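Now, the feature entries from TrEMBL:
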TRANSMEM  29-48  transmembrane segment
DOMAIN    30-296  domain 'Major facilitator superfamily (MFS) profile'
TRANSMEM  68-89  transmembrane segment
TRANSMEM  96-117  transmembrane segment
TRANSMEM  170-195  transmembrane segment
TRANSMEM  207-230  transmembrane segment
TRANSMEM  258-279  transmembrane segment
Amino acid sequence: MDQNQHLNKTAEAQPSENKKTRYCNGLKMFLAALSLSFIAKTLGAIIMKSSIIHIERRFEISSSLVGFIDGSFEIGNLLVIVFVGYFGSKLHRPKLIGIGCFIMGIGGVLTALPHFFMGYYRYSKETNINSSENSTSTLSTCLINQILSLNRASPEIVGKGCLKESGSYMWIYVFMGNMLRGIGETPIVPLGLSYIDDFAKEGHSSLYLGILNAIAMIGPIIGFTLGSLFSKMYVDIGYVDLSTIRITPTDSRWVGAWWLNFLVSGLFSIISSIPFFFLPQTPNKPQKKKKKKKKK
C-alpha cells in the first residue's frame, strides 16, 4: 500500500511540475520575442532621425515639410492608442503585438519604396565651396530675381533660388510609411508590459522591465552604425556607375542610400513579429487558475 501511495504522489507531482515548466517557458519565450520587438522599435526610430537630411535632399522638399513627415509617427500613435489600451487586454495580446510589429515592418518597407519608382538622383552641377559663399550667392540670386520681377521677367526665372519648392510628391509614401510605423509600434509597450505584470512572479516585473530597456539599447547602436554606413553609399548604388559620380559624402549635394536603412529595419520588424503568433494568450498556470475560480 505504501508503494502505491508513493507512486500516486509522484504521479500527481509530475503534472504540476510540467505545468510550472510550461508556464516558465511560455513567459521566457514571450520575453525573448518582446526583446526583439523593442530592438526593432528603437532601431526604426533612430533610422528615421538619421535619414531625415537625405530625405530632404532626395525629394527636394523644405525643412518644415520634413518635420511634418517626421511627426507622422506620432499621428499614427494617436490614431490607435485609445483602442489598443481599451481592447488590448481583452484580446490575444501576443498576437496583437505581432500584428503591430508586422505593420511596423510594412511601414518601413513602404518608406523605402519611392526609391524604386523615382528616376536617378540628379545633383546640380554647381560646386559649393563653403556655407558663407552659398548664402551670399543665394541672397544675390534672390535680389536679382526681385529686380527682374519688377521688369516683368519670365515667371520661370523669378523666384529661382529664393524658395525651395517640392520636386516630387513621392514623399507621401514616406509620410504614410512613417505613420504606419507609428500605428504598428503602439501595442508593443503597453500590452507587453501589462502581460509581464499579469503573469510574472511577484517582484520580478521591474527586473524584466529593466532587462527589456537594456536590450532595447541595442537598437540605437545598430541604427547609428547602419546610418553612418549607408550614408556613405551613393543613393543609386547598384544602378549607376559610381566612377561617374563627381561628388563625395562631404558635399552638401550628396544623398546617401537612405532607403537601405528602412529596408533593413522593416524586414527586421517583420521577422520580430513571427514568434508572437505562436505564443499562447496566457501561460498555462494562470489560465487554469482562472478556470477553477470560474467553476467555483
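For all residues, glycine too, the Cβ spot is worked out from N, Cα and C.
Because TrEMBL annotations are produced automatically, they should be read as predictions rather than curated entries.
Most Cβ pairs under 8 Å with the transmembrane segment (258-279) belong to 29-48, among the candidate stretches 29-48, 68-89, 170-195, 207-230. Through the fold, the transmembrane segment (29-48) approaches residues 70, 73, 94, 97, 100-101, 104-105, 108, 178, 181, 185, 188-189, 192, 195-196, 208, 211-213, 215-220, 222-224, 226-227, 261-262, 264-266, 268-269, 271-273, 275-276, 279 of its own chain, all at least 6 residues removed from its boundaries and within a Cβ separation under 8 Å.
Among the recorded stretches 68-89, 170-195, 207-230, the one sharing the largest number of Cβ pairs closer than 8 Å with the transmembrane segment (96-117) is 170-195.
Long-range contacts of the transmembrane segment (68-89) within the same chain: residues 45, 48-49, 52, 55, 96, 171, 174-176, 178-187, 190-191, 194, each at least 6 residues beyond the stretch ends and with a Cβ under 8 Å from a Cβ of the stretch. Mean pLDDT, taken over the domain 'Major facilitator superfamily (MFS) profile' (30-296), works out to 80 on the 0 to 100 scale.
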